[in-house]
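K.L.:
One structure is given below, represented as structure tokens, and several questions about it will come after.
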Ligand code: NDP
């Protein structure tokens, strides 16, 4: 029987999960849950119920895995433990510093409800984390480097939108080519935050903002602590039409590089690199969440309970293929 997937929260990621389920023959979409008025919402799949999130109990027996697509900042810290008490769940929680705290809360809820949860699935955290673990386990003497982009950072774009006089904005994080080359060289250089990435901002000013107002917006951006102050940041003012035409996509990507030494005297160099180039960050992330939902379903069938991250998932659990076929085709 196909794995019955529920989606909680229908934003970019929620819609991406809907697309991912369509590409996985062993999955079926059972329901979409939302905090908005379901009558005002249309989804891509015909015949699938869109229901109020508060009515989750009606679906307790109809869903094998809930994929939680709320935002990391304020939704998932409460949403994931709440749902893990009643369903097997997957989330994409990406506030790295708070993952241990989130894990503990979800683990307690999932154990109390005898369910399986998998948190922080995606690419970073997620696939990049796996590659950091693989490469640093294999090359204990070495350094790792994570580069993000070129891609849109939603958090940084939101931070710009909160500045007075800004109507809309899009922020790109861009890896510095020279830093990438240095990381790939095998020389294990020390690279500062400023050396590794630049930030490029496209800003639509409110009507009536003059030259001095634009300068004030630019100053507010480039000096903003935690977001821009530690980076070389460029700001371009553009029209609303230009923003829609040229910057409406959500591309992203990046590279995880481990540069290490092998040999008795550590005389040889080994460089491991994993890279992603994504037209759509949420659609790709959703693909990871769908594969993780399959793994969660298998853990549940095995009788596991509690919280896991992608570091705890055997690769074979992610695949629709059985272990014998995997050994024949993928090893
Ligand atoms: P969105 O802002 O598009 O959606 C978040 C929630 O907001 C939705 O679940 C939805 O809930 C609500 N929402 C969406 N659109 C509207 C709207 N028009 N009006 C009102 N509410 C709306 O966020 P994303 O889907 O882009 O991203 C979700 C999270 O995924 C991010 O916070 C990020 O942390 C994480 N992520 C993780 C990655 C990783 O590698 N681990 C990579 C990419 C993202 P509802 O339907 O209930 O209203």
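Keep in mind that glycine also has a Cβ here, set from the backbone N, Cα and C atoms.
Curation does not apply to TrEMBL; its annotations are automatic.
Because the structure is a prediction, the values reported are computed rather than measured.
Below, the features straight out of TrEMBL:
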BINDING   10-13, 34-36, 69-72, 92-94, 121-125  NADP(+) binding site
BINDING   148, 173, 199, 252, 281  substrate binding site
DOMAIN    122-280  domain 'Meso-diaminopimelate D-dehydrogenase C-terminal'
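So that I understand the layout, could you describe where these features sit and how close they are to other parts?
P.N.:
Long-range Cβ neighbours of residue 10 (NADP(+) binding site) (same chain, at least 6 residues apart, Cβ-Cβ under 8 Å): 32, 34, 36, 41, 43, 50, 69.
Taking Cβ-Cβ distances under 8 Å and a sequence gap of 6 or more within the same chain, the neighbours of residue 281 (substrate binding site) are 12, 151, 152, 250, 251, 252.
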K.L.:
Where does residue 173 (substrate binding site) sit by DSSP, helix, strand or coil?
P.N.:
strand
K.L.:
Long-range same-chain neighbours of residue 173 (substrate binding site), Cβ under 8 Å, sequence gap at least 6?
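P.N.:
In sequence order, 148, 149, 150, 151, 153, 156, 197, 198, 199 meet the Cβ cut-off.
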K.L.:
According to DSSP, collapsed to three classes, what secondary structure does residue 13 (NADP(+) binding site) have?
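P.N.:
Residue 13 (NADP(+) binding site) sits in a helix per DSSP.
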K.L.:
Inside 10 Å of the Cβ of residue 93 (NADP(+) binding site), count up the other Cβ atoms and send me the figure.
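P.N.:
Neighbour count, Cβ to Cβ under the 10 Å cut-off: 26.
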K.L.:
Test of understanding: give the count of other CB atoms lying within 10 angstroms of the CB of residue 122 (NADP(+) binding site).
P.N.:
26
